[in-house]
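Annotated features, as they stand in TrEMBL:
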COMPBIAS  B:348-361  compositional bias 'Low complexity'
DOMAIN    B:237-242  domain 'Serine/threonine specific protein phosphatases'
REGION    B:318-382  region 'Disordered'
REGION    B:405-437  region 'Disordered'
Amino acid sequence: MADDRDRDKVAVAEFHKKIKEAFEVFDHESNNTVDVREVGTIIRSLGCCPSEGELHDLIAEVEEEEPTGYIRFEKFLPVMTEVLLERRYRPIPEDILLRAFEVLDPAKRGFLSKDELIKYMTEEGEPFSQEEMEEMLSAAIDPESNSIHYKDYITMMVIDEN
Amino acid sequence: MGSGTSTQHHFAFQNAEKAFRAAALIQRWYRRYVARLEMRRRCTWSIFQSIEYAGQQDQVKLHNFFSYLVDHFTPSSHNERDFLNRIFTEERSPQASETQNCGDYDSIEVPDSYTGPRLSFPLLPDHATALVEAFRRKQRLHARYVLNLLHEARKHLVQLPNINQVSTCYSEEITVCGDLHGQLDDLIFIFYKNGLPSPERAYVFNGDFVDRGKDSVEILMVLFAFMLVYPKEFHLNRGNHEDHIVNLRYGFTKEVMHKYKIHGKKILKLLQDVFCWLPLATLVDEKVLILHGGVSDRTDLELLAKLDRHKIVSTMRYKTRKENKKQAEEKGNANQTGSAGRPSPWFLPQSRSLPSSPLRPSTHKAHRAGRSSSVPCGVPLDPKELSRRVRRSVDLELERCRQQAGFPAIKEKEEPSSSESEVDSDAEEQPQPTPEEWRQVVDILWSDPMAQEGCRANTVRGGGCYFGPNVTERLLQKYHLQFLIRSHECKPEGYEFCHSRKVLTIFSASNYYEVGSNRGAYVKLGPDLTPHIMQFQANKATHTLTMRQRISRVEESALRALREKLFAHSSDILVEFKKHDKDETALLSNQLFHNQQE
């Protein structure tokens with residue numbers, strides 16, 4: 001039991017360090033606050049993969065009672081530590097991602113046309129903004145066929161990250 | 001029929017739901033990917049910025065160190081004092097020899113083999129355009145024309161007030177550009193995209209034309225040429241890099257010497273003066289204030305308008321002649337060798353004589369006469385001897401530090417045999433700014449805006465301050481201004497509004513840190529003075545790179561730069577690690593952490 005607790009303590013200390021470092025990158029005035037619009041980036045960079053809805057819930061937890069547009073580190077740290085300890089919002093494994101693309105491609109062609117991708121990403125789920133859509137297209141679309149071969153795309157993105 | 005449809009509907013509904021969920025999953029995954037890219041970009045940016053500002057901070061610290069020495073070290077004779085003075089004072093020759101110097105360009109012959117642009121004065125608009133074209137084709141302007149142009153530029157600048165007044169009645173539009181830092185491609189791009197300067201198209205260039213980039217000389221030539229051709233419509237503000245001391249460290253001096261070799265020194269000398277004559281700010285329609293750095297809670301536009309800006313040779317160091325003169329007098333009278341009864345500062349080596357250093361090219365004859373090369377220890381020292389030794393070791397230390405800081409070694413002709421009268425006449429001809437005047441100029445050339453209220457010292461840069469929205473507000477109200485335009489800081493998008501859009505930062509050097517690091521931007525003010533921002537990135541390659549490729553490139557570059565710094569300072573870093581220097585480790589571990597992640 002004692003060992004478990006020690007291990008937990010070590011884990012918490014590790015998490016605290018990581019959270020602090022990620023937070024500091026966006027703490028432009030060095031006053032332990034970040035703009036609320038950057039919190040999503042911070043959370044995701046710490047290994048979590050929340051949906052937009054989950055992100056909003058999380059932000060509500062760390063915001064002040066009267067939202068100021070800024071998130072304070074004192075509020076952010078405990079909430080984020082909990083998230084990491086509970087391993088919430090785990091990243092999506094490659095194969096699950098592949099299956100998601102296959103759902104959108106019932107004919108099993110192995111690709112999605114540019115228009116199809118745009119339709120799904122901007123009309124379904126938690127729609128992309130135009131900027132997000134353009135950015136994804138720039139890297140994903142094969143200009144010759146004007147389509148995205150999702151299997152290759154996933155492989156490329158995963159390699160790129162590692 | 002009915003059940004069939006309902007099954008169909010049920011099936012369709014299920015499919016739709018599945019598609020919805022699949023899309024949501026992909027989006028969720030993609031947003032995380034983008035966030036991690038963004039984090040990498042931010043870390044990279046921090047690295048570059050820290051390295052950049054740390055360099056500036058170093059220089060300021062070095063100067064403060066020197067200033068301390070000069071102020072507190074009391075040589076036994078005015079010769080010594082003079083010698084030390086000359087270490088800092090790139091002394092300005094009195095008026096007479098200055099004109100002589102400039103007249104010297106006449107004697108420089110341009111060989112027939114020279115195929116570069118030739119200038120004749122007074123300049124015509126075509127000449128300026130031709131100059132841009134010539135530089136675009138990578139030609140170089142001959143030293144004679146450089147000097148000639150600088151000489152004419154100086155003549156013009158001298159007549160200008162400290163704060164340019166510009167009105168939109170005359171030109172329909174005014175374009176304001178920020179830092180260029182020797183990146184000629186960006187200047188050419190702006191002229192290409194926005195149009196060349198003309199009576200209808202006014203321009204304001206907001207300082208930092210030189211240093212870092214490789215074409216500072218060409219940029220200056222173009223800017224000065226257009227200034228002479230369109231004096232009413234083309235305006236330049238001084239930046240913190242229009243400063244011969246900053247130039248020593250950040251590349252402009254090197255560029256000039258490399259491109260112009262034997263004539264380089266003359267050019268630099270003239271430039272030093274030209275920089276001091278650059279106006280400090282530009283005011284558009286008495287509503288929009290354009291200056292390089294920022295403001296402080298002490299900024300006094302009336303004082304800034306009145307002071308003699310020529311007195312501010314460099315914002316890197318402030319020193320009163322009067323103090324030194326007094327010291328010299330005291331020393332002369334008492335003929336003391338002060339060090340005996342005085343506690344020696346920590347940086348002076350203790351009581352051991354040092355052999356003459358090969359680093360020291362000193363040719364000051366009087367100096368040598370009073371000095372012995374080595375004195376054995378243990379001999380009871382008279383005060384004179386002690387002082388001589390202390391002086392010697394300080395000189396050596398100073399010389400070593402000077403070399404490190406990139407100061408030119410003292411050349412023979414800069415050291416005429418000393419005479420008090422010369423020093424006196426120098427002091428009289430070159431009046432110094434008051435501390436207040438100097439501080440005012442430093443503030444507007446070095447300050448940065450911050451989000452918090454208040455005004456505090458800018459410790460990152462080592463000069464100027466951080467000013468908050470309330471400082472901006474108060475200044476705007478006091479002088480009935482609408483907003484400020486400043487530069488001085490690189491921004492990823494080339495521009496940034498802050499203080500409720502009352503402060504606009506405009507930065508025109510794209511890809512400043514590395515290819516793909518940032519866009520450049522310029523701003524156009526219409527008659528209603530609404531700012532319209534135009535962005536650009538003067539490198540075709542960046543357009544074809546995706547965001548992640550761009551970030552990877554910049555990141556590699558940052559890591560390389562960081563590695564170099566680490567290597568250069570490895571011993572210091574070890575010391576600091578032992579002391580648990582939070583900032584250093586935080587930055588490093590952050591990057592390492594992300595490397596692990598990746």
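In case you wondered, yes, glycine gets a Cβ from its N, Cα and C as well.
Heads up, TrEMBL stuff is auto-annotated, nobody curated it.
Owing to the predicted nature of the structure, the values given are computational and were not obtained by experimental measurement.
Counting same-chain residues at least six beyond the ends of the domain 'Serine/threonine specific protein phosphatases' (B:237-242), those with a Cβ under 8 angstroms from any Cβ of the stretch are 164, 179, 181, 204-211, 250, 252, 275, 278-282, 290-293, 309, 315, 445-446, 463, 487-488. Helix, strand and coil counts under DSSP for the domain 'Serine/threonine specific protein phosphatases' (B:237-242) come to 0 helix, 0 strand, 6 coil. Per-residue confidence over the domain 'Serine/threonine specific protein phosphatases' (B:237-242) averages out at a pLDDT of 96.
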